[in-house]
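For reference, the structure is listed below as structure tokens.
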Number of protein chains: 2
Amino acid sequence: MKSEVEEAVLGRIRPRPPEQQEVLGVAEEIIGAVNLSGRAEAMLVGSVARGTWVRGDRDLDIFMLYDPALPREALEEEGLGLARDVAKRFGTDWREKYAEHPYINATIRGMDVDLVPCYRVASGAEIRSAVDRTPFHTRYIRERIAPFVEDVLLLKQFTKAGGVYGSDQMTEGFAGYLCELLVLHYRGFTPLVEAAARWRPGLFIDLEGHAAKSFDDPMVVIDPVDPKRNVAASVSISKMFAFVELCRGYLAAPSENFFFPPPVAPFTLEEFGVEVARRGTHLFAVSFETPPFIPDVVVPQLRRSLEGMRALLERSGFVVNRAEEAMGEERCLLLFELFSREMPAVVRHIGPPVWSRSNAEKFAGKWRECERFAGPYIEDGRYIVEVERKYTHAADLLASPEVLGVGLGKHVKKAMEKEWVVLEGLECWSPEFAGFLTTFLQKETPLTRVLRARTE
Amino acid sequence: MKSEVEEAVLGRIRPRPPEQQEVLGVAEEIIGAVNLSGRAEAMLVGSVARGTWVRGDRDLDIFMLYDPALPREALEEEGLGLARDVAKRFGTDWREKYAEHPYINATIRGMDVDLVPCYRVASGAEIRSAVDRTPFHTRYIRERIAPFVEDVLLLKQFTKAGGVYGSDQMTEGFAGYLCELLVLHYRGFTPLVEAAARWRPGLFIDLEGHAAKSFDDPMVVIDPVDPKRNVAASVSISKMFAFVELCRGYLAAPSENFFFPPPVAPFTLEEFGVEVARRGTHLFAVSFETPPFIPDVVVPQLRRSLEGMRALLERSGFVVNRAEEAMGEERCLLLFELFSREMPAVVRHIGPPVWSRSNAEKFAGKWRECERFAGPYIEDGRYIVEVERKYTHAADLLASPEVLGVGLGKHVKKAMEKEWVVLEGLECWSPEFAGFLTTFLQKETPLTRVLRARTE
């Protein structure tokens, strides 16, 4: 039932028996230890629990279910305490991490293990926080997924290769659970791909036919376990259609490239310079220290700050072709590609309609007292004066205090209040951001990249 | 009843008795000659007939009224024949001119005399062409204007000084007849100025209360002699409000400057260069041979061509601050002030929404075969490709054949099909256009100029 290409791909991504044994063995040990403590009931969740994990994924998610009667603080104290014990006992190192609530992440026998306390609630409708839902997800999938495990593996690999896998803020793509639900709904990878080729925004899927809310998102997949939740809320319209495009391309000409894309060699500084010169545009970057928070917190703020600065540039006369954000280990980069880096001394300042007598007289009277290039004059019934432009160089504008007033995210603003640097042209390049800059200059959909690789 | 300023002004613009005698004398002679021929009835029309002519105006308008039964060709043949006879007998030289129909213009005793054949129709509603209305205008005004002659002189001088006098296509201002009607309606210069300070677009004046049609013009003054005609149709909204602004300024601080504006010294080539450099903008002009037609025909075509070229520049990425046209004796100039003279090699080309499957596949498929800088990529749900910009220099665009395709006026297109030149910066300057260029760079309302003169 699977095509030749798909069989070949499965041959590369199915977990091998020794690997399966190892992973499940570690899971069993940890579960045993948690259950033995008598304090919580351990449950293996995630793709390992559902059998839908891809070769090389060494992620274990172990949830520790507690009595819902326990107060939140006690849950955290006990749960984290237990998790730390387990981590110390089995692991080489561990750390506390934060999503909606704290949990422990440990490295155990080379595996990345999340130990997460949650409430054992009676149904999906009674959850106190997102993690309480996970056991229900796991059960729902495990009860249905058996005939479609390989379809899920294919879909995960396909979406990963296309850069649309992952519901984090950076990726804005398909979560693993979403992939499983789509495969269940369409009953396989192939029917899914055929249907997706025809998707339109406003797609609505409701496996249990129980939606209790409406959504504005371009893609809606109602959680079978929670009628008020859209599992596909994380999918941006761009990523939804990058996926649609990939499906169309795959149907037209299937190949392993759709599952294992050729790597993009990042530009060297020299190649970067050549490409920028060829484009004839002007690159500017605002660079500042990365705020000490997880990407899911920082990235949305970077995007908001980016849009704010873009609007500032545009209303100051600098036309922005593209803008993208990048979050590095030490520094963040807000990158702008401008069509013009300099504007003339003159700028128009548009006033009120001339027939609005008191406004008009105030405006004209005021400006006749000021230094100006021309005006007031009347154009299309409004007063116009031509005055000195405040910033004639984009670099000066980006280095000015105006940047702090554009609706920056809270953490971004704090970082910038310490310092920020304006980089221009080749200055924007660094080894850390070489990949980001390369993708920026060669912006193309995942399908375009796959097709280009075929011809090269 | 007139203020000190107004009395002083009147002292300078009232025609003196010797002048009056001379002008009326010549009129009498010509009228006598026409009537003597027995072929037509002569009538003195225009400002001389109404007594509302300003000192130094040496314009005579003599209409020759014919029987409405006469066919148009015979009217023209006879009328022009008679006019030529008169011109040859009394004048030093003469020429045939054209408005709606041909007429004779002659220089007689140093005066500029129009000899115009028209029909003697029974009422304003039965006119065959615009000239047939003129006798009715003359009678209407003569019967009412006596108490307000000096108010009309003041208004004419005020509007001339403010550059808003004249209903021709170039000026887009107030005709003499309109000035007379406004003075009649408001019963004097001062009440008119006080009312005009509060004018709003959609002003509606109907002296005879007989309007038989509605108009979209910003200023509507129904012809007392023709209920379907707006005498103020020629007034552009900019000129209407230049006048409003002057009235407000005059009320706030009356002075003779409102009637006799100080001359504007045109820039020398050097001063022009200094001002352009100061502004930091980029001047470009399209120059071609002036089409052999009167301004009222050529100027609207220049304006249409100007707007067409402006739109071409803007959709090609060159931001236009201002654009103006000038009609010289030999050459016409279409002048553009740009904020940028060069654009980068990259230009965005926006495609269809990705979900429109067949359009999207066609677009993406086509562009993947082409040379391009980046893309196709998806932005806000649409495909975008970045391609080579056709014209990166404004001068090249203005010199290209694209210019011929922008909706040029018929005569402008003909002239440009012969040749046109693109001028840049200082090249735009010439002695003939020095005044035009000076006013362009120092664009300001007439009131602003008056107030500036006061302080200098």
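Here the Cβ of each residue, glycine as well, is placed from N, Cα and C on the backbone.
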**Request:** Among A:Asp114, A:Asp132, A:Asp151, find me the residue TrEMBL lists at the same Mg(2+) site as A:Asp59, A:Asp61.
**Result:** A:Asp114
**Asked** Using C-alpha atoms, which one of the binding-site residues A:Asp59, A:Asp61, A:Asp114 comes nearest to A:His137 (CTP binding site)?
**Response** A:Asp61
**Prompt:** With DSSP helix as H/G/I and strand as E/B, how many residues of the domain 'tRNA nucleotidyltransferase substrate binding' (A:150-260) fall in helix, strand and coil?
**Reply:** 54 helix, 15 strand, 42 coil
**Request:** Report the nearest neighbour of A:Asp114 (Mg(2+) binding site) in space among the binding-site residues A:Ser47, A:Lys156, A:Tyr165, comparing Cα positions.
**Result:** A:Ser47
**Asked** Roughly where does the domain 'tRNA nucleotidyltransferase substrate binding' (A:150-260) sit in mean pLDDT, to the nearest integer?
**Response** 96
**Message:** Are there any residues at least 6 positions away along the chain from A:Arg50 (CTP binding site) with a Cβ closer than 8 Å to its Cβ? List them or say none.
**Reply:** A:Thr138, A:Ile141, A:Arg142, A:Ile145, A:Val152, A:Glu180
**Complete:** Expressed in Å to no decimal places, the gap between the Cα atoms of A:Asp59 (Mg(2+) binding site) and A:Tyr165 (CTP binding site) is 16
**Request:** Taking the residues A:Ser47, A:Arg50, A:His137, A:Lys156, A:Tyr165, which the record names as binding CTP, find the longest CA to CA distance and state it in Å to the nearest whole number.
**Result:** 18
**Asked** So how many other Cβ atoms are close to A:His137 (CTP binding site), meaning within 10 Å of its Cβ?
**Response** 23
**Request:** Could you tell me how many residues in the domain 'Polymerase nucleotidyl transferase' (A:36-137) are helical, how many are strand and how many are coil under DSSP?
**Result:** 36 helix, 35 strand, 31 coil
